[in-house]
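Record features, source TrEMBL:
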| type | residues | note |
| --- | --- | --- |
| TRANSMEM | 41-61 | transmembrane segment |
| TRANSMEM | 73-92 | transmembrane segment |
| TRANSMEM | 98-116 | transmembrane segment |
| TRANSMEM | 128-144 | transmembrane segment |
| TRANSMEM | 164-189 | transmembrane segment |
| TRANSMEM | 201-224 | transmembrane segment |
| TRANSMEM | 244-270 | transmembrane segment |
| TRANSMEM | 304-328 | transmembrane segment |
Amino acid sequence: MALNMKALLAMILVFVGCCSNVVFLELIIKIDPGAGNLITFLQFLFIALEGLIFTSKFFTVRPKIALKDYVKLVVLFFGANVCNNYAFNFNIPMPLHMIFRSGSLMANMIMGIILLKKRYNLRQYSSVAMITAGIVLCTLVSSGDVKDNTHHSLKVETSFSDVFWWSVGIALLSVALLVTAYMGIYQEVIFKRHGKHPREALFFTHMLPLPGFLIMASNIAQHWKIAVASETVAVPMPGISWSLAFPLMLFYLLCNVVTQYICISSVYVLTTECASLTVTLVVTLRKFVSLLFSIVYFRNPFTLSHWLGTVLVFFGTILFADVLNQLLETYRLRLEKRFEAAPKTIEYSRI
């Protein structure tokens with residue numbers, strides 16, 4: 001029962017943490033679309049500090065997995081996160097960003113075929129074709145309404161069109177998809193070799209890349225100044241009659257960092273407590289809820305073609321995971337267990 005409660009709590013926190021994280025991310029992007037590197041740095045710093053205190057206990061706990069095995073994983077993880085968040089600087093709207101990132105199964109299949117020489121059945125190929133068609137449709141529709149969303153203080157005259165920079169953003173998202181898929185394969189290899197250690201992996205994949213942000217120091221400093229200079233909001237202080245004036249973007253950044261930690265740590269717990277089918281369902285449903293909220297609350301433009309592409313992506317994901325058949329199989333097994341556990345009645349034949 002404790003295990004079920006732990007899994008249920010993780011599912012609830014995935015929805016609460018991940019969905020609210022996307023909300024705060026979009027609020028930040030509305031103010032400063034180029035804040036991707038700043039967001040990524042603060043997320044990594046917060047999770048690394050938490051892991052340093054509670055997981056590593058200031059490096060007094062010996063890691064189960066050698067640091068050399070983490071290095072490649074860290075490079076991939078760092079690159080994927082930077083590409084995903086930096087893409088907002090290139091005219092990528094939030095709904096397209098979420099739909100594009102939902103194509104991870106397509107990228108996993110491509111990497112599986114290339115690197116692991118895997119073969120898939122017709123259902124899996126069909127589902128990935130649906131996901132690909134959905135992403136392509138949403139991308140093509142979005143390309144018709146591309147606007148320069150750079151913060152006014154950082155606008156630079158360029159001979160390249162807004163569509164060109166949008167194409168750069170699409171390329172970054174594509175690279176991030178493939179890198180994430182490769183990272184998943186490499187992570188699977190490490191976990192098979194050393195066993196699963198989610199808290200340790202969470203700490204080292206966020207702590208080791210921190211020096212890499214020195215390359216982006218000037219960019220991070222630029223957008224930190226924008227955050228500090230943003231309009232202020234009054235934050236009430238518990239037990240005190242007065243409130244604290246706080247830059248609005250800094251408040252959003254703080255909320256984004258905390259919810260990101262809740263989101264990613266809950267997903268790590270979910271992967272250790274539940275079957276992959278359950279994790280796929282929860283994560284897919286969470287993405288769909290986030291997308292709906294983004295469209296409704298932020299009134300992002302979303303046409304009938306966008307909806308068709310979205311349905312193709314999410315239905316393709318469900319089809320790939322073979323959800324219907326697995327749910328039916330689970331139900332059948334439960335019925336069999338109940339039948340076996342039921343008291344047997346003795347039938348007497350009439351004489």
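Positions of Cβ are set from backbone N, Cα and C atoms, glycine also.
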Thinking of Cβ pairs under 8 Å, which stretch from 41-61, 73-92, 98-116, 201-224 has the most of them with the transmembrane segment (244-270)? 41-61
When each of 41-61, 128-144, 201-224 is checked against the transmembrane segment (73-92) for Cβ pairs under 8 Å, which one has the most? 201-224
Mark yes when the transmembrane segment (164-189) and the transmembrane segment (304-328) have three or more Cβ pairs under 8 Å (sequence separation 6 or more) and no when they do not. no
Is the transmembrane segment (128-144) in contact with the transmembrane segment (41-61), using at least 3 Cβ pairs under 8 Å (sequence separation of 6 or more) as the test? no
What same-chain residues lie close to the transmembrane segment (98-116): Cβ under 8 Å, and 6 or more beyond its ends? 22, 84, 124, 127-128, 131-132, 134-135, 138-139, 170, 173-174, 176-178, 180-182, 184-185, 284, 287, 290-291, 294, 309-310, 313-314, 316-317, 320
